[in-house]
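Everything on this sheet refers to the single structure shown next.
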Amino acid sequence: MDRTTARPNRRAVLATGVGAALAATAAAAGPAHAAPGRGARVEGRLRALERTHDARLGAFAYDTGTGRTVAYRADERFPIASMFKTIAVAAVLRDLDRDGEVLARRVHYTADYVKRSGYSPVTGLPENVANGMTVAELCEATLTRSDNTAANLLLRDLGGPTAVTRFCRSVGDHVTRLDRWEPELNSAEPGRVTDTTSPRAIGRTYGRLILGDLLAAHDRERLTRWMLDNRTSDERFRKGLPADWLLADKTGGGDYGTNNDAGVAWPPGRPPVVLAVQTTRFTPDAEADNVLVAEAARLLAEAMTD
């Protein structure tokens, strides 16, 4: 990678996202695989990483410029955890909002609702419980802070968790599904099919949302801006990817050490790369392993740029 190339500019990324629409469409249709030798080497390193960290690891990466793909357990199901939140916000933007009217609507909720939803660093603030929040503010809290109450309120407006599944089916994702609310959806028992996705499925869907034409241009820009401002991945993708890559992503975590990250990254002077890493472990109280996610991201980045 050319270290002298300037870091990608946020404004340029937001303005030209649709320029990668053809690449995103190619990813959805089934991208080319990496060269056999290179792909085997990367998969071997991911397998070794999985063994070292005593976890099950799934990974998917797609270079929208070259078509190069890395896939490891990419079609196996893993708990989706909070990665559903990107799709919920996209569904609000596509299916509910009209000319900003829905985004401007103020939603009121109770302290008990916050308590039942679990992790709620924004909606749980006393001033927000007292005054409510606009739908736009709920979307922002959902994506930048992974706020559970905000996500549940969006799901309520959409008609419940299965609205995420319906959205995915409508855009050709036949794997990703959501069945329960926060925080129950994070139980992550081995073998569970409900509330799951695969690295390839979530990677493709995220890529098409951020780079393609699934959303109107102004909605795609909103979604991407919120994901660029994500504050939950400092020890995951942001730790593993080169510091000069621009990243729009969403994390997720749950029981059984479930720990995920997925999004789109812009290397300097190169087309964007779609990335997804999902991990889970073998006991209900297992610790989430941020180092595993960060190291997997590092390996994927190296594979995309070597």
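Quick reminder: no glycine exception, Cβ is built from N, Cα and C everywhere.
Lifted from Swiss-Prot, the feature list:
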- Ser82: active site, acyl-ester intermediate (ACT_SITE)
- Lys250, Thr251, Gly252: substrate binding site (BINDING)
- 1-34: signal peptide (SIGNAL)
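A straight line from the CA of Ser82 (active site, acyl-ester intermediate) to the CA of Gly252 (substrate binding site) spans 4 Å. Counting Cβ atoms from all protein chains shown, Thr251 (substrate binding site) has 27 others lying within 10 Å of its own Cβ.
In the three-state DSSP scheme, the residue listed as 'active site, acyl-ester intermediate' is classed as helix.
A sphere of 10 angstroms centred on the C-beta of Gly252 (substrate binding site) encloses 28 other C-beta atoms. Within 8 Å of the Cβ centroid of the substrate site, not counting the listed residues Lys250, Thr251, Gly252, the chain contributes Ala81, Ser82, Met83, Lys85, Thr86, Ser146, Asn230, Thr232, Ser233, Asp249, Gly253, Asn260, Asp261, Ala262.
According to DSSP, Lys250 (substrate binding site) sits within a strand segment.
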